[in-house]
Amino acid sequence: MEHEKDVKTEGGINVLDRTSSTIQQGTLHENADSLHRRLGNRQIQLIAIGGSIGTAIFISIGSALAAGGPGSLLIAYTLYTMVLVCINNCVAEMIVQHPVSGGFIRLAGKWVDDALGFMVGWNFFFYEALLIPFEITALNLVIQFWTDKIPVAAVCVICIVLYGILNILAVRVYGEAEFWLCGGKVILLFMMFFFTFITMVGGNPQGDAYGFRNWNIAGAFAEHRTTGSLGRFEGFLTCLWSASFTIVGPEYIAMAAAEAKRPRIIVKSAFKMVYWRYVCFFVLGALCVGIVVPWNDPTMQAILAGTSLKSGAAASPYVIAMANMGIGVLPHFVTALILTSIFSAGNTLTFCSTRALYALALDGRAPSILRRTTKSGVPIYAFAVTMCFPFLSFLQTSNSAATVLSWLISLITAGALINYLVMCITYLRFRSACKVQGVDRKSLPYCGWFQPYCAWIGIVTMVVVLLFYGYTAFAPPTVSGFFQNYTMQLVAPILYVGWKLIKRTKILKPEEIDLVWEAPIIDAYEESFQGEVVGFWAEIGQLVGLRKLLNGSRKSEA
């Protein structure tokens, strides 16, 4: 196999010899670039959770329930969860072995085609960056649950300042903030699970043990757009499209892996924990929503039709259920936690956008100035570019401008699906290279199961959803509906072909793929530690002062 032949010696890092895979001895470095590995076990674990739990599981899932009913919702979320489990399985094998800056973005360019890395990198950057103002807008709507006296512009300014502070400081500051914010998400989700169970067995003001009544009376499968079997199928499709934009996660672990301590162990653990989290959070979440409120609830149907005055937290099916039961205090507590969940989402989007732009610059797919970092390892110019996007949130202060913001979000909606498609394609090329070059995948730190079938399941599902999720734009046909649903499906091939023609890139053959790359640097970094990796609960114990952290130190510090 080929080995890296032109790795720069920045700050005396360990580098590969130009003609062999031996490591030249020098000052040990954590990465082949300037990012710092400062994210610990508890922070990576909570980022893994926070990256998968978004506000959609608390709020917009209600529209899917109203369209398809609880049966369709549960089936759709279960099926799509299994697809994301397959994709996570692909990404984990690659990232644990190569926890490089930019994650799957650079893997695509290194193992498939430089043009593919260019396309998916810019796709991911714009997808993440344009969602930042969307989250700030959602945060404003949630605040209106309590009052509409707070100026919209003031909330925008506060969010922008806080996102700036948390992301311009060292990565451990971002990691610490996300640890607490993501903790709030987990608390909120488990609160909703307990709320569902307690109220369904009679723990509500009416003492009504309603159980699965909402499944039986209203029916498990709702008709949407049309009637009969076709209407129920369209209801299921609406739930499936909802699941495809609600259930996320592998990309956030992949982006944080380059700044994680002991990535071969900690990142591996995070990926493995994601499996049960998907099932617990999304499948159980879909089940609970269908239990607490009927799909034909007038408020739910008004929200689906766009005629309801309720928005933000007030549109959450859980809050609607609490109002129906006459529960007065809990909705305020839930709203407060939803607020932290939205803020956390914006914070993570800012982090990932910055790292995506930095990764593009590392491989010459963006201006080289974006490679520059501060002494604490923050890509300062990439951060500055990213921070321009939150200012789009000020568009919501005007009705006409808010329409522009809504359009921007609709245009890039398919971006996440394109990212997953590229991850699966990259994995297939990686697996082919391992086979041709005689690399035993079982010798890797993480070996994916049921391959290559997991990758093919991901590819087929993403292609189907990308082609058909905007089918309503054709019934009746509208130009605006088409571009709102299919813009990225058109832009992505243009980016790929354009870069390919300009740079004359080629699709790499399996024997040409460099499977060594930065792995020796990571190996040397891992070997610099002594003792076992501190477990998640051990770190939590240290945090609250219950135990002292003694293991997992660098040999140079021993």
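Glycine is no exception: its Cβ is also placed from the backbone N, Cα and C atoms.
Keep in mind that what you see is a predicted model, and the values were worked out from it rather than measured.
Annotation source TrEMBL lists domain 'Amino acid permease/ SLC12A' at 44-508.
Sequence annotations record features per position, and here TrEMBL assigns transmembrane segment to 46-68 (among others).
The transmembrane segment annotation in TrEMBL covers 74-96 (among others). Outside the transmembrane segment (74-96), and at least 6 residues removed from its termini, the chain residues within Cβ reach (under 8 Å) are 64, 68, 103-104, 107, 236, 239-240, 242-244, 246-251, 253-254, 257, 263-264, 267-268, 271-272, 274-275, 278-279, 282-283, 285-287, 290, 420, 423-424, 426-427, 430, 441, 444-451, 453-455, 457-458, 461.
Long-range neighbours of the transmembrane segment (124-146) within the same chain, counting only residues 6 or more positions beyond its ends whose Cβ lies under 8 Å from a Cβ of the stretch, are 55, 59, 105, 152, 155-156, 159-160, 163, 251, 311-314, 331-332, 335, 338-339, 342-343, 345-346, 349-350, 352-353, 356-357, 360, 386, 389-393, 395-396, 402, 405, 408-409, 412, 415-416, 419, 488. The transmembrane segment annotation in TrEMBL covers 124-146 (among others).
Per TrEMBL, transmembrane segment is recorded for 152-174 (among others). Non-local neighbours of the transmembrane segment (152-174) in the same chain are 35-36, 38-39, 43, 132, 136, 139-140, 143, 259, 343, 346-347, 350-351, 354, 374, 376-378, 380, 383, 387, 390-391, 393-394, 396-397; each lies 6+ residues outside the stretch with a CB under 8 Å from one of its CB atoms.
Away from its own ends, the transmembrane segment (186-203) comes close to residues 46, 49, 53, 57-58, 209-212, 281, 284-285, 288, 291-292, 318, 321-322, 325, 330, 333-334, 337-338, 341 of its chain (Cβ-Cβ under 8 Å, at least six residues beyond either end). According to TrEMBL, the transmembrane segment annotation covers 186-203 (among others).
A Cβ distance under 8 Å defines the sequence-distant neighbours of the transmembrane segment (235-254), meaning residues of its chain 6+ beyond its ends; these are 44, 47-48, 50-52, 54, 56-57, 60-61, 63-65, 67-69, 72-73, 75-77, 79-81, 84, 87-88, 91-92, 95, 103-104, 124, 221-224, 267, 270-271, 274, 277-278, 282, 286, 348, 352, 413, 416-417, 419-420, 423, 465, 468-469, 471. Residues or ranges marked as transmembrane segment in TrEMBL: 235-254 (among others).
Annotation source TrEMBL lists transmembrane segment at 275-295 (among others).
Residues or ranges marked as transmembrane segment by TrEMBL: 315-339 (among others).
Feature annotation from TrEMBL assigns transmembrane segment to 378-395 (among others).
Among residues of the same chain six or more beyond the transmembrane segment (407-428), those with a C-beta under 8 A of the stretch's C-beta atoms are 84, 87, 90-91, 93-94, 104, 107-108, 111-112, 116, 119-120, 123-124, 126-127, 130-131, 134, 244-245, 248, 250-251, 392, 448, 451-452, 455-456, 458-459, 462-463, 465-466, 469, 483-489, 492. The annotation transmembrane segment is assigned in TrEMBL to 407-428 (among others).
Here TrEMBL flags 449-471 (among others) as transmembrane segment.
If you look up TrEMBL, you'll see 483-502 (among others) marked as transmembrane segment.
Here the transmembrane segment (275-295) has long-range neighbours at 48-49, 52-53, 57, 61-62, 65-71, 73-74, 76-78, 80-81, 84-85, 88, 189, 192-193, 195-196, 199-200, 212, 214-215, 217-220, 222, 243, 246-247, 249, 317-318, 320-321, 324, meaning same-chain residues at least 6 beyond its ends whose C-beta is under 8 angstroms from one of its own. Spatially, the transmembrane segment (315-339) is adjacent to the transmembrane segment (46-68); three or more Cβ-Cβ distances between them are under 8 Å for residues at least 6 apart in sequence. Sequence-distant contacts of the transmembrane segment (449-471) (same chain, at least 6 residues past either end, Cβ-Cβ under 8 Å): 80, 83, 86-87, 89-90, 93, 237, 240-241, 244, 414, 417-418, 420-421, 423-425, 427-428, 431, 481-482, 484-486, 489.
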